[in-house]
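If you check Swiss-Prot, you get these features:
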BINDING   14, 15, 16, 17, 18, 19, 20, 21  ATP binding site
BINDING   188, 191  [4Fe-4S] cluster binding site
């Protein structure tokens, strides 16, 4: 039930291992840190990592008359989370489903979860372009989806897959809100200097060629990795980091696109 959700943002990646779920999670936390009410929906059925990233493993969801009730991270109920990970008894249990069953589960997540007055719903999708993505796009035709953010790394093999993702978005009619280049450079935990140990600026160049906004370049920062397993936002814990600055910029970009006022500045 998305009738109480003002804005829907889909987070995509051309391939796995680019940090899409981490970006989705920190974006949701950054939006909450700036005063928004946020929902985070993890539809990566075969590799749900959002419960782990937020330290919510072992949480139980239940159903009410209006549908599934998401997990709230605290009593303020400003961040609601739903993932198939909450339905698995063991984190190591594989989800061995054929396409139709996956499609049915995703439709349930998009239509039967009781989201309450959310400014934003962030949807963390599986990597690639598959049945799951087509299902999401079909369901998004029934609700106001603002568009998609694509996460990539600067390596050529990842960028090749992102080109396919861009084509997929165009063919399915979803607006591209921008590209985030992740894992670009390494931040020394001692001096905080960033060194480009791999290639860099591939995401920025791809955004230029695709004529979509380049939302920022995120480095590998061990300090950000330490926040995994908690609901701590980089905006609060590492306010001077480059990751925090990029997340602020993305929040401001989304607020400008959606005309949602920012209740608080962090």
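Every residue gets a Cβ built from N, Cα and C, even glycine.
Sitting within 8 Å of the Cβ centre of 14, 15, 16, 17, 18, 19, 20, 21, and not among those site residues for ATP, are the Cβ atoms of 13, 127, 151, 152, 153, 158, 182.
Counting every protein chain shown, 11 other Cβ atoms lie within 10 Å of the Cβ of residue 188 ([4Fe-4S] cluster binding site). When the Cα of residue 191 ([4Fe-4S] cluster binding site) is compared against those of the binding-site residues 14, 15, 19, 20, the shortest separation belongs to 19. In the shown protein chains, 7 other C-beta atoms lie within 10 A of the C-beta of residue 191 ([4Fe-4S] cluster binding site). The CA atom of residue 188 ([4Fe-4S] cluster binding site) is located 19 Å away from the CA atom of residue 19 (ATP binding site).
If you draw a 10 Å sphere around the CB of residue 14 (ATP binding site), it holds 24 other CB atoms from the protein chains shown. Considering only the binding-site residues 16, 17, the Cβ with the fewest other Cβ atoms within 10 Å is that of 17.
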